[in-house]
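**Student:** Per Swiss-Prot, the features are:
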SIGNAL    1-24  signal peptide
MOD_RES   Glu25  pyrrolidone carboxylic acid (Glu)
DISULFID  Cys38-Cys80  disulfide bond
DISULFID  Cys69-Cys115  disulfide bond
DISULFID  Cys73-Cys117  disulfide bond
REGION    117-143  region 'Disordered'
Amino acid sequence: MAVYLLAVAILFCIQGWPSGTVQGEVMPFMEVYDRSACQTREMLVPILKEYPNEVSHLFKPSCVPVLRCGGCCSDESLTCTATGKRSVGREVMRVDPHKGTSKIEVMQFKEHTACECRPRSPGDVNDGRNPKEGEPRARFPFV
């Protein structure tokens, strides 16, 4: 058995993992283009971002997978925007640290069903010269 595992490990080192992407391999342009397009994709969303009033509880896991719009548009004046949404349930464990109790429950999250590139609203475009309201004037990596 040990010889078999060693042979498999050596084969992976030589040929790469079975996913087809060898370490250091160049991804073809069309695959890069297709994968970067504005579309729904699975993203991990923190529960407290969707339910900010639930800070007195802990959740396991602390984030849930949902489909959300993401990707690049062909023009900087456009942004990838959800054009369809639905509500989906995710089972999570709610922990009440004060009572020492926990229970599994279903929480609802918005999931995107369709996306398209749409013009940015005037407040979304920032040329970088003037900070948006609430942003610091400068960002220093050492602060």
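Cβ from N, Cα, C; glycine included.
Give me the lay of the land around each of these features.
**Tutor:** The Cβ neighbour count for Glu25 (pyrrolidone carboxylic acid (Glu)), using a 10 Å radius over every protein chain in view, is 9.
Mapped onto three states, the DSSP output places Cys38 (disulfide bond) in coil.
Cys69 (disulfide bond) counts 22 other C-beta atoms within 10 Å of its own C-beta, drawing on all protein chains shown.
Within 10 Å of the C-beta atom of Cys117 (disulfide bond) sit 18 other C-beta atoms, taking all shown protein chains into account.
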**Student:** Using Cα coordinates, what distance in whole Å links Cys69 (disulfide bond) and Cys80 (disulfide bond)?
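**Tutor:** Between the alpha carbons of Cys69 (disulfide bond) and Cys80 (disulfide bond) there are 7 Å.
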**Student:** Do any of Glu25, Cys38, Cys80, Cys115 (recorded positions) have a CA within 10 A of Cys73 (disulfide bond), and if so which?
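**Tutor:** The recorded positions close to Cys73 (disulfide bond) (Cα within 10 Å), listed in sequence order, are Cys38, Cys80.
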**Student:** Can you count the other CB atoms that lie within 10 A of the CB of Cys80 (disulfide bond)?
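**Tutor:** Summing over all protein chains shown, Cys80 (disulfide bond) has 19 other Cβ atoms within 10 Å.
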